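Remarks on the structure that follows.
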Amino acid sequence: MAPGSWFSPLFIAVITLGLQWPKEAATFPAMPLSNLFANAVLRAQHLHLLAAETYKEFERTYIPEEQRHANKNSQSAFCYSETIPAPTGKDDAQQKSDMELLRFSLVLIQSWLTPVQYLSKVFTNNLVFGTSDRVYEKLKDLEEGIQALMRELEDRSSRGPPLLRSTYDKFDIHLRNEEALLKNYGLPSCFKKDLHKVETYLKVMKCRRFGESNCTI
């Protein structure tokens, strides 16, 4: 079977769900803080799921199994987001204030706004990255949601120093397809990792602020 000619039912379901994301849900009108958090968490969960399934399908389609372990341990696995002091897990996140976590989340989201528009140019399989425009829209929706939360919680007297804005723009989109594929192998992996961080931060904030007994992170 030719690479990219089949996809798992879960991946197809994720893409379908993404395309059906209602436009009216993309806005963040005035609403209770609990609803703002709930909406932001749902958007982050959806994007993380989409990123994880995209990475699986990309790896299954393009990367021979014997190369996967070596590639994951190479420089290609480095993520630019590692250059900012963002928490790496739930325990670390719980040591940060809500505003700090929102600022980290915003930087992570904004670091992807440009590169997601290039994904379909880097990788040849349009079924894997052909929805990059929709992913960009969802990132913008989540960015707006995080900014709305920051406006609600903002305490200007406790603002920290500006964060270094990481970038994924250095990934090369001008190489031949095979070369670009290997050079940029870490891109979908980093996207998945960064969205997982954002989802974790938002869940930590929502759980400790509203004390949900059934909260899972």
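Just so it is clear, glycine is given a Cβ too, placed from its N, Cα and C backbone atoms.
Per Swiss-Prot, the disulphide partner of Cys190 among Cys79, Cys215 is Cys79. Under the DSSP three-state reduction, Cys190 (disulfide bond) is assigned to helix. Take the Cα of Cys79 (disulfide bond) and measure to each of the recorded positions His46, Glu199, Cys207: the nearest one is Glu199. Each residue contributes its Cα atom, and for His46 (Zn(2+) binding site) and Cys190 (disulfide bond) these two points are 16 Å apart. Note: the CA-CA distance between Cys190 (disulfide bond) and Glu199 (Zn(2+) binding site) rounds to 14 Å.
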